[in-house]
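Asker: Structure below; questions to follow.
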């Protein structure tokens, strides 16, 4: 996966689209500071997924978009495309499967100013994760060792051992395992949460299963009872439907007879209407003829006006054409005169053009001679310039040698100063280390006490959590019980409310009340105060007695005024709307109580004393009940009547013995008893609903308080868990801090010994630096002498070149003068030719205009003839049109007379039609009465059908009536069974009809969630095994990679330093997943020690050795080194370049450098310039190993410097 090319557009200082080709093993990038060299490295990092604006040397990611300059506007988008070569099979095998078959892989990243980002792989839009996964394990990445930018060398040296292990992990390919492990751990957390939730669900379902099973059994019994009740009710409804059907047939026959009479009347009426229609049509025909005659008269008048207008238009056109003929003849004469003038001017210009062309030929010869002289002078100038360039190169080489000598001397001076400063720093550090050792010892003691305190806090927190868990469990059990109680109360309240609504609806529809009473109440007369059954109630045990005594009088309407009641009854009789009874609310005659009510065994007392009514209805109750006395049985009533009780006796079962000896009894009046029972039940239901509503409200309040407490305990439990987690984290942190303090104490003591050893080495190095410093001074003096000699030769050569330049400039002035004169002559000749062409075109155009005028004159003469003929024809047509107008007016007068006669005949026939319509109205009224009767039966029929449909969930009674009409009619046992089943269903109380389905669903959910729980437990186990496997593989890869890199580091360090030794060491060999890595190095002539004790150059070279060791063990497809050679001296730069060249067989190198020797070692050198402020440009130079001559590709070679 070597880089093939980089395309940049709008990224930082690269405004215009710039393409950088990386076709060779080693590519160099050079340029002055601030020109944008490192922006190429940033572009590569950005393209492969860098998300930190800080790592791209910006504050926010929008800083990578070109922000404008003095001459350029800002861009709205930054785009970078990085193209990789994927033709090598070994490289392709490390990529995801979907990209292995591509010969090239192009990764593109775009960023817009609105913050929108796009990632593309081979022009297909992907996610950032896809780009990151593409490079996992390849050694390429935003944090990989393949990109070593400015300052990273220092970070490798100064990094903590734990951070330094990232280099080994990337080389080992562990980063992809760490990413997968992190994902697996996140999945484990999610799985544990899901397992906890599923476990709660399974427990909840287990608790509900037993209750649902009992409810399902009860629901099955309820359904069986209800089915039997429905069967009995349908039996009764079917026979009622048959009765309604018979009555409907009778009324249908009567309606058919009157319908026939109505049809005969309508036929006679239709015949008479047809006659009238004939007279009406005749009148309409006369009217149409009159209208048509009037239209013809109007048309004749219009024709006259049309011919007159046509004559006027023809005269106007004839006059216009005659004027056009005169105008065309005049214009033709003027055009012929203009043509003659233009031809004379053209002949004069052709004569002038011949002279100008001769002058042009002479000037061309003179200009050519002066140009040849200029070329000779320029050849001499170039020879002088080449001499100056050669002398400048020698002067530059001498200057470079002086600069190198000065740099070397400065380096020696700097190193001497650094060593002196280093010795002072080490002495200060030694004192600081001794102080730190004491402080660390005190800190270790403090941390030991803190760890003990945190462990005690952890124990107390665990006890608090246990207490809260127990309380939460108890509260949840209470919540379940509360939910059940609320649900039961709501169900019971809902059933009673439904029953109350049904009863109220029946009461509102006046079910069981006679038709006359219904019609009376429907009048809504203010005098009507309701029924007797609505105003007087009897206890349950006296229902039969009260109903037996009053009977139909329970349906008696109570009125405020007897006279108004009689008027309402008269209205019923008049309209044939049934019979009804009324009674005054305060009857004028109230029966007195029995003189001496009977007493004794079986006598329960006066009935009026046991009834329930409002105080204002007492007179009404006494008027209806009178002196009736309630007794237990018919035998007691008979005995009292025989003894001469002198009052009406009524038994509990409804048997009545009146004073006149009339005895009534039997099965009782079901309608009357039902009305009393219904009223009492409604009152009881109202009381129950009110009481139950208060109970539900209290249960809901208690439930809300319980939930609030559960929430409070849950919050406390969560807070306790959070505090426990924080405490555990604090304990782990404290233990880690304690270990770190102990490690720091040991490191400080170790460092103290190292500092003492380094102070001894520095004293030896200061003594040896004097002789090297003097040799550098001698080399500097020799370089300065050579530079002065080269400067003198260059000055003379520049004087000679200046003389040649003056002679060239003089000759250029002569050539320019001749060129200007020649241009003027040519301009005159071109102007003359243009004028001649223009005159020729004008003559041609005028000739064409004359031809068109001849054509127009001919056409105008023809048009004038046609206009004269049109006038003659129009005059003849005008005479005919006037005659037609007179004839049309006569026809109109005759048509209007015929219309008046037709209208008089039509009026006479309409008078006969009105008598026939009166006869039809009388027959229709009789027919309407039959239809009203049928409508009443239809309403009863529909009411019965709708009642069955409503009660039996959409059942159509007509579908089942055939199953019941063959059964015997409804009897008392039938009704008794209906009553028994109704009471059974009522006693069963609230029934959850969905319990059977809910029980099956609960069992299904229990099976499903139990399976889910097992799957989650298995998934959790699989994830734990996968993480363990990844940990084992990571340890193995890390150990193998570490050993391999350490071996290569040990071998490479002596080569880079020309001696010495170095190695890597693990800070915690027992923990391969977390251990840090220390670097121990011993340059030639020094003792083995920590890299922190080395000089800046030694640190840089050691870090380079480590990077190269990693590349030797795990080559990355490419490597970017950004000014890594800056701290190295000349000798180390040479070894640095040799090492890079030795690794080009398996890696591609991109070097950003200021070092001349590094520039000479590359295959292709790119120069970055900023000729336009704020805008970077690229220039490439291919290094030829023999001639070292630059090959220009995009700009002058001078721009490279």
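Here the Cβ of each residue, glycine as well, is placed from N, Cα and C on the backbone.
Nobody curates TrEMBL annotations by hand; they come from automatic prediction.
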Asker: Of 1006-1040, 1041-1075, 1076-1110, which range does TrEMBL call coiled coil?
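Answerer: Spelled out, TrEMBL records coiled coil over residues 1006-1040, not the other listed ranges.
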Asker: For the feature coiled coil as recorded in TrEMBL, pick the matching range from 661-716, 885-940.
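Answerer: That would be 885-940, the stretch labelled coiled coil in TrEMBL.
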Asker: Quick one: sort out which of 787-821, 822-856, 962-996 is the coiled coil according to TrEMBL.
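Answerer: So the range that TrEMBL calls coiled coil is 822-856.
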Asker: Which one of 591-632, 717-758 shows up in TrEMBL as coiled coil?
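Answerer: Checked against TrEMBL: coiled coil maps to 717-758.
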Asker: Report, as numbers and ranges, which residues of the same chain sit near the coiled coil (1006-1040): CB under 8 Å and 6 or more residues beyond its ends.
Answerer: 165, 168-169, 172-174, 177-178, 180-181, 184-185, 187-188, 191-192, 194-195, 198-199, 201-202, 205-206, 209, 1072-1073
Asker: Using a Cβ cut-off of under 8 Å, list the residues of the same chain at least 6 residues beyond the coiled coil (717-758) that approach it.
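Answerer: Sequence-remote neighbours of the coiled coil (717-758) are 426, 429-430, 433-434, 436-437, 440-441, 443-444, 447-448, 450-451, 454-455, 457-458, 461-462, 464-465, 468-469, 472, 1087, 1089-1090, 1093.
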Asker: Around residue 37 (ATP binding site), how many other C-beta atoms are within 10 angstroms of its C-beta?
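Answerer: Taking every protein chain into account, the count is 22.
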Asker: Which sequence positions outside the coiled coil (822-856), separated from its termini by at least 6 residues, show Cβ-Cβ distances below 8 Å to it?
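Answerer: Same-chain contacts beyond the flanks: 324, 328, 331-332, 335-336, 338-339, 342-343, 345-346, 349-350, 352-353, 356-357, 359-360, 363-364, 367.
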Asker: So how many of the residues in the domain 'SMC hinge' (526-641) end up helix, strand or coil by DSSP?
Answerer: 56 helix, 21 strand, 39 coil
Asker: Could you pull the average pLDDT for the coiled coil (822-856)?
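Answerer: Computed over the coiled coil (822-856), the mean pLDDT is 78 on the 0 to 100 scale.
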Asker: Can you check what DSSP calls residue 33 (ATP binding site), collapsed to helix, strand or coil?
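Answerer: Assignment for residue 33 (ATP binding site) reads coil.
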Asker: Using the CB centroid of 32, 33, 34, 35, 36, 37, 38, 39 as the ATP site centre, which other residues of the same chain sit with their CB within 8 A?
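Answerer: Other same-chain residues with Cβ inside the cutoff are 13, 31, 1168, 1170, 1176.
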Asker: On a simple 10 Å Cβ count over all chains shown, which one of the binding-site residues 34, 36 is most densely packed?
Answerer: 36
Asker: Among the binding-site residues 33, 38, 39, which residue has its Cβ surrounded by the fewest other Cβ atoms within 10 Å?
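Answerer: Minimum Cβ neighbour count within 10 Å, taken over the binding-site residues 33, 38, 39, occurs at 33.
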